[in-house]
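Contents: one structure, followed by commentary.
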Amino acid sequence: MAELVFFTGTMDSGKSTLALQLDHNHNARGRAGLIFTRDDRAGSATISSRLGLKAAAVEVEDDTDLLNHVVQMMSAGGKVDYVVADEAQFYTEDHIEQLARMVDELSIDVYAFGITTDFRTRLFPGSKRLIELADRIEVLQVQTLCWCGARATHNARTVRGEMVLEGEQVMVGDTAVEDEIGYEVLCRRHHRRRLTAARSGAGSLSPDTLPFGAA
Ligand SMILES: Nc1ncnc2c1ncn2[C@@H]1O[C@H](COP(=O)(O)OP(=O)(O)O)[C@@H](O)[C@H]1O
Ligand SMILES: Cc1cn([C@H]2C[C@H](O)[C@@H](COP(=O)(O)O)O2)c(=O)[nH]c1=O
């Protein structure tokens, strides 16, 4: 039975990598897939992973009807066995409902990937609807880490290393940006305290806490 699966994790947890791997594996077994994405860092109509993989994708716009797009492809003789939907946090509630209908009405597997919450810890509309509608939610197994070494659960937005709480919900960007606007993954405790790596003075996750000669 076809299903709608939501793969989620913090920024930098390997979601796009997994999306591309999943596409590759299904393709290798002769299944035909279609990749949607929205506002990927690498540019329009592209799905990209920090491991260097990239692929062409269909860019989702506010007025894109995802279900209709697939129906049109199938009516023109195309085959669609599964759909990958990356950066799904940016999709509208309507887009997510179209994905659910694709599963129920066309028996197409839909694999959606995205972060759940924004820099203020609030759900994105697309992620909220996915949590409400998905058959399954899978949290990525590769844990991202806060500068303190704890599991990172939150995405902070930073300006020159300082965490900010003002601004638009959507601002495409990357982690490991130190000079301008960027993102940093943190544990809840440090997100609440707005304690980023720069503010804490933490240089690396393996500080010399036990120097040679220490008693
Ligand atoms: N140089 C590297 N060596 C090994 N793994 C890396 C390297 N750079 C990035 N990664 C891996 O890629 C992950 C980010 O993958 P990506 O698919 O871009 O994440 P997401 O889509 O969740 O933001 C990191 O968590 C890390 O596991
Ligand atoms: C927290 C947060 C993130 N974003 C943006 C930043 C990136 O472009 C994407 C997440 O991509 P990734 O592949 O998971 O790293 O989302 C945003 O616009 N607003 C936010 O609050």
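Note that Cβ sites are derived from N, Cα and C of the backbone, with glycine treated the same way.
Feature list (source: TrEMBL):
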type     : residues                                                                          : note
BINDING  : Gly9, Thr10, Met11, Asp12, Ser13, Gly14, Lys15, Ser16, Asp86, Glu87, Ala88, Gln89 : ATP binding site
ACT_SITE : Glu87                                                                             : active site, proton acceptor
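Overlay of TrEMBL annotations on the structure.
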residue: Gly9; record: ATP binding site; Cβ contacts under 8 Å, 6 or more apart: Lys15, Ile115, Val139, Leu140, Val142, Thr144
residue: Met11; record: ATP binding site; Cβ contacts under 8 Å, 6 or more apart: Ile115, Thr144, Asn155, Thr175, Tyr183, Val185
residue: Ser13; record: ATP binding site; Cβ contacts under 8 Å, 6 or more apart: Leu140, Val142, Gln143, Thr144
residue: Asp86; record: ATP binding site; Cβ contacts under 8 Å, 6 or more apart: Lys15, Ser16, Ala19, Ile35, Phe36, Thr37, Arg38, Asp40, Ile47, Ala57, Ala112, Phe113, Gly114
residue: Glu87; record: active site, proton acceptor; Cβ contacts under 8 Å, 6 or more apart: Thr37, Arg38, Asp39, Asp40, Phe113, Gly114
residue: Ala88; record: ATP binding site; Cβ contacts under 8 Å, 6 or more apart: Phe6, Arg38, Ile96, Ala112, Phe113, Gly114, Gly126, Ser127, Leu130
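Only Met11, Ser13, in sequence order, out of the recorded positions Met11, Ser13, Asp86, Glu87, Ala88 have a CB under 6 Å from ligand 1.
Among the binding-site residues Gly9, Met11, Ser13, Asp86, the ones whose Cβ sits under 6 Å from an atom of ligand 2 are, in sequence order, Met11. In this structure, Ala88 (ATP binding site) is part of a helix by DSSP.
Lys15 (ATP binding site) is surrounded by 23 other CB atoms, counting those within 10 A of its CB over all protein chains shown.
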